[in-house]
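Report on the following structure.
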Amino acid sequence: MNHHSSSHLLLLISVVFGAVWVAHAQVPFPGKCPDVKLLDTFDAEAYMGVWYEYAAYPFAFEIGKKCIYANYSLIDNSTVSVVNAAINRFTGQPSNVTGQAKVLGPGQLAVAFYPTQPLTKANYLVLGTDYESYAVVYSCTSVTPLANFKIVWILTRQREPSAEAVDAARKILEDNDVSQAFLIDTVQKNCPRLDGNGTGLTGEDGLDVDDFVSTTVPNAIEKA
């Protein structure tokens with residue numbers, strides 16, 4: 001292959017790679033999805049309930065959001081109801097999306113938020129959890145033999161977890177050679193309380209626009 005053809009091939013790969021990244025806003029990595037250590041056993045019932053997002057890779061649906069949490073509840077032995085919710089950092093308004101998941105294996109779930117999404121391939125892998133304080137969730141999609149996209153979440157039972165819980169979660173990522181360089185801490189301060197079922201927000205707390213909008217953004221604009 002001559003230099004001219006090679007340049008066109010690299011450009012084509014870059015365009016495809018960039019288009020997929022923009023569409024999914026996940027973190028790109030070279031090569032196929034690597035092997036990770038899957039759980040031998042998984043107690044789906046113990047895993048149910050509210051999990052707060054402590055940190056995660058950049059993800060399109062979470063841009064500009066804070067107070068992010070997920071609430072899982074069993075529909076039957078292999079089907080899970082999923083509610084993901086957050087507060088918009090610009091408007092202070094809550095939003096949520098509901099879906100379903102199928103438990104395909106120990107810690108291996110297929111999650112879908114649209115009726116046309118199949119529930120046949122695991123896209124939510126629990127790499128480790130103690131069920132009471134932390135969980136590490138991993139998803140990887142191979143888009144070509146040359147590239148893959150990953151999402152990683154550290155979830156905790158408390159909005160402000162203990163250092164021990166966070167350290168345990170990070171150790172699981174280390175053991176699986178999963179990069180922590182792209183993890184972004186999720187803002188979990190000044191969040192409204194959840195209702196008793198963990199499915200919504202109580203009306204007692206104001207949905208204040210946080211410092212990101214009231215201070216950080218204006219300061220950045222002023223300096224620009």
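Keep in mind that glycine also has a Cβ here, set from the backbone N, Cα and C atoms.
When pLDDT is averaged over the domain 'Lipocalin/cytosolic fatty-acid binding' (43-175), the result is 95. Annotation source TrEMBL lists domain 'Lipocalin/cytosolic fatty-acid binding' at 43-175.
The signal peptide annotation in TrEMBL covers 1-25.
With DSSP classes pooled into helix, strand and coil, the tally for the domain 'Lipocalin/cytosolic fatty-acid binding' (43-175) is 20 helix, 72 strand, 41 coil.
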